[in-house]
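Here is what TrEMBL records for this protein:
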DISULFID  Cys78-Cys112  disulfide bond
REGION    182-260  region 'Disordered'
COMPBIAS  192-211  compositional bias 'Basic and acidic residues'
COMPBIAS  227-237  compositional bias 'Basic and acidic residues'
TRANSMEM  400-421  transmembrane segment
REGION    441-470  region 'Disordered'
COMPBIAS  447-470  compositional bias 'Acidic residues'
Amino acid sequence: WVLSVTLKEDMDDNVAKYDGRWEVEELKENAVPGDKGLVLKSVAKYHAISAMLTKAFFFDDKPLIVQYEVNFQKGIDCGGAYIKLLSSSNDLNLEYFFDKTPYTIMFGPDKCGEDYKLHFIFRHKNPKTGEYDEKHAERPDVDLKKFYLDKKTHLYTLVLKPDDTFEILIDQTVVSKGNLLENMIPPVNPSKEIEDPTDKKPDDWDERPKIPDPNAVKPDDWDEDEPAKIEDPDAVKPEGWLDDEPQYVPDPNARKPKDWDEEMDGEWEAPQIPNPKCETAPGCGEWVHPMKNNPKYKGKWRAPMIDNPNYQGIWSPRKIPNPDYFEDLHPFKMTTVSAIGLELWSMTSDIYFDNFIICSEKEVADRWAADSWGLKKLVASANEPGMFSQLVTAAEEHPWLWVLYILTLALPVGLSVLFCWPGKKSDEYIDFKKTDVSKQITKEELKEETEEFEDDELEEEKENEDTGED
């Protein structure tokens, strides 16, 4: 990696310096022992660092796969973590890499405020003029916020194919895909026709689809002087209305400030407060009839609208052949790439980069990811806090979650108490349960209980016989 020693153009030298600091160090959290990355360390400074590729990449008949890791270890307020694939040239000097250094592709995350971006930009060479124009891929239709704020290491991949299609992946999941001829802004190929800049709209061109009916006449009984609102003559002053009480009175508790100078400040008056006597009354002050809609009101008369017989439609300039038209059917054939660069500004430090790879084989990129990003992911998963810790952390960030937790816990407890709390039992039921307790008895005890039961029955029969004789 080569640090840039140049300055940005059109800026004061003290501000334009690429003096942002870089370090090679481990992740602050969930580090793989011995594994280090390139870390942007400074805040509110320009950073520029670059490296030559092992060999230049030519856009011929093989795909381009660009892949690397980013970890916003402190989140990100405003700043980028995108890379530039620098265009090959005889005068490419990495010590003078800056924002105007020609690049072929720019790719990666960028964020400022609440605008979360994932750039894919390529510089297209106009085959007629030789000039370059930036083409931006349409924005991914996914929420990117979590990738910028969760402080985890994420894998960014761009796959660009010779058939002019592309895919953008985060953590090996496709978040955007398209075609270089259909999904870039502005389009690669200009329109065949353009509006004639010399064509002017005729003075008598009528673009009005509707016009007032020229034959309409205002009715004789149409009175434009009637007001929209009139007093309601049927309204009656509410009982208890305090005519002699003002709505506001001087505050009796107010006192003139000690530093009040009547010569400078004028005569002091207590501030006005709502009249307390009016709080219980239907109203105070002079009563007036309320207003109501005027049934005779018609407003300003206007002729009804009819179809314009002279309507000519919305005028537009005539079309002429576009003198700058060209057709590039294979924009994949881009300028050769020979270096990779990071040219960034950030308001947050400790942005971690690692495991850059540029190749043509998806299998190679996937194996590279498994041996690097996959290992980081395993370490991070092993260090994930338990469910309880995650809930507490979430509640610390969003205190309102405590209310949800309490309600969630209280509901089953309340239902348990409601349905399981024992009700009041009758005395008869309690006595029955007391004598209904099972216990083990011996044969002798069973024999004695049987004999006692038989004796009781004999005595009861004898008593019944005696009662019958009497």
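Even glycines carry a Cβ here, placed using N, Cα and C.
The Cβ of Cys112 (disulfide bond) has Cys78, Gly79 as same-chain neighbours under 8 Å, each 6 or more residues away in sequence. Every protein chain shown contributes to the tally, and the Cβ of Cys78 (disulfide bond) ends up with 14 other Cβ atoms within 10 Å. Under DSSP, the residues of the compositional bias 'Basic and acidic residues' (192-211) split into helix, strand and coil as follows: 0 helix, 5 strand, 15 coil. With DSSP states grouped into helix (H, G, I), strand (E, B) and coil, the region 'Disordered' (182-260) comes out at 0 helix, 15 strand, 64 coil.
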